[in-house]
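Under the heading active site, Swiss-Prot lists His108, citing sequence analysis as support. Among the features that Swiss-Prot reports, NADP(+) binding site is placed at Tyr25, Gly26, Ser27, Gln28, Ser51, Ser53, Asp83, Thr84, Val85, Gln86, Gly134. What Swiss-Prot records for Asp191, Glu227, Glu231 is Mg(2+) 2 binding site. Sequence annotations record features per position, and here Swiss-Prot assigns Mg(2+) 1 binding site to Asp191, Glu195 based on sequence analysis. According to Swiss-Prot, the feature substrate binding site maps to Ser252. Marked as domain 'KARI N-terminal Rossmann' by Swiss-Prot on the basis of sequence analysis: 2-182. Positions annotated as domain 'KARI C-terminal knotted' by Swiss-Prot: 183-327.
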Amino acid sequence: MANIYYDEDASLDYLKDKTVAIIGYGSQGHAHALNLRDSGIKVIIGLLAGSRSIEKAKAEGFEVYSPDEAAKKADVIMILTPDTVQPALYQSAILPNLDEGNALAFAHGFNIHFGQIVPPSYVDVFLVAPKGPGHLVRWMYEEGKGVPGLFAVYQDFTGKAREIAMAYAKGIGATRAGLIETTFKEETETDLFGEQAVLCGGATALIKAGFETLIEAGYQPEVAYFECLHELKLIVDLIYQYGISGMRYSISDTARYGDVTRGKRVYEAVKPLYKKILEEIQEGEFAKEWILENVANRPHFNALVKKDEEHPVEKVGKELRKMMPWLGGRGL
């Protein structure tokens with residue numbers, strides 16, 4: 001079982017008299033910065049020239065610097081830019097400004113685990129990853145609560161990297177809910193697997209396969225959309241709040257019987273595929289593919305996204321969502 005830590009297990013003293021630079025001011029960066037500051041920690045922001053977030057960060061009372069200036073001024077540098085941006089940003093702006101005993105921090109382990117960022121031996125390296133979007137991390141903090149999180153230490157130069165990581169997690173509110181200790185390897189590989197096999201790739205593939213099956217059998221696209229996509233939220237919300245067994249308690253006996261008998265067939269079909277997907281992640285095959293795709297300016301990726309955007313489920317959904325006033329007409 002996992003080791004889980006709470007407020008009493010962590011001390012903010014390890015960040016006392018230190019400056020934390022948050023590189024990036026998006027969803028997570030915004031939440032981390034505000035929560036850390038409200039926890040009494042000195043925070044500065046590092047943003048590239050021309051960033052749309054500069055004025056927002058300044059309006060919220062932060063000193064804003066270029067990433068290299070922020071890294072130079074900070075003791076702890078948390079990099080919260082997209083994974084694909086981090087390696088070049090690190091090489092140009094952060095690495096040249098790292099001092100002995102600094103701490104380099106991440107919210108996802110991809111670039112460290114797959115060797116896209118190789119930190120010098122004279123710094124601490126840790127990870128703190130709240131298991132929720134930035135707005136929730138901030139909202140829960142303001143309510144005196146927190147969002148559970150993960151933390152890991154990759155490199156402990158000072159002998160205090162673990163304590164500093166836990167202090168950071170406490171500063172953003174994670175220890176109020178529960179902080180789970182992990183490794184960069186575990187966080188990275190499980191995060192990628194969840195995205196590919198279940199949360200994004202798996203869910204969207206099931207939706208499209210179900211939708212297409214009904215259409216090909218002669219059913220109306222609108223009805224297929226409701227049954228295979230729209231109602232998914234109802235079930236996921238129940239699972240999210242009550243777990244799988246709790247969800248089953250809330251559905252009809254007919255639905256429950258179909259779940260436990262027919263769902264097993266899907267399980268048996270996808271389990272071997274899941275093992276293959278995980279193997280590709282563990283062996284670095286996916287990381288290599290994604291890195292090379294970005295080097296080539298994403299031709300395959302862009303083509304696949306465009307193709308999926310033209311899927312009939314998108315056209316049908318766009319029209320049906322106009323019938324749902326509770327969505328407020330919001331689009332992307």
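Placement of Cβ uses the backbone N, Cα and C atoms for every residue, glycine included.
What you are looking at is a predicted structure, and each value in this text was computed from that prediction instead of being measured.
Of all the recorded positions listed here (His108, Glu195, Glu227, Glu231, Ser252), His108 has the Cα closest to the Cα of Gly134 (NADP(+) binding site).
Here the binding-site residues are Asp83, Asp191, Glu227, Glu231, and the one whose Cβ sees the fewest other Cβ atoms within 10 Å is Glu231. Pairwise Cα distances among Tyr25, Gly26, Ser27, Gln28, Ser51, Ser53, Asp83, Thr84, Val85, Gln86, Gly134, which the record gives as the binders of NADP(+), peak at 19 Å. Cβ-based neighbour count (10 Å, all protein chains) for Tyr25 (NADP(+) binding site) stands at 25.
Counting only residues at least six positions away in the same chain, the Cβ atoms of Asp83, Leu127, Ala129, Glu187, Thr188, Asp191 sit under 8 Å from the Cβ of the residue listed as 'active site'. Here the Cα atom of the residue listed as 'substrate binding site' is found 30 Å from that of Glu195 (Mg(2+) 1 binding site).
Closest by Cα distance to Glu195 (Mg(2+) 1 binding site), from the binding-site residues Ser27, Ser51, Glu227, is Ser27. Cβ neighbour count for Ser51 (NADP(+) binding site) (all protein chains, 10 Å cutoff from its Cβ): 18. Taking the Cα of Glu231 (Mg(2+) 2 binding site) as the reference point, the closest of the binding-site residues Tyr25, Ser27, Val85 is Ser27. Under DSSP, the residues of the domain 'KARI C-terminal knotted' (183-327) split into helix, strand and coil as follows: 128 helix, 0 strand, 17 coil. Counting in whole angstrom, Glu227 (Mg(2+) 2 binding site) lies 32 from Ser27 (NADP(+) binding site) by their C-alpha atoms.
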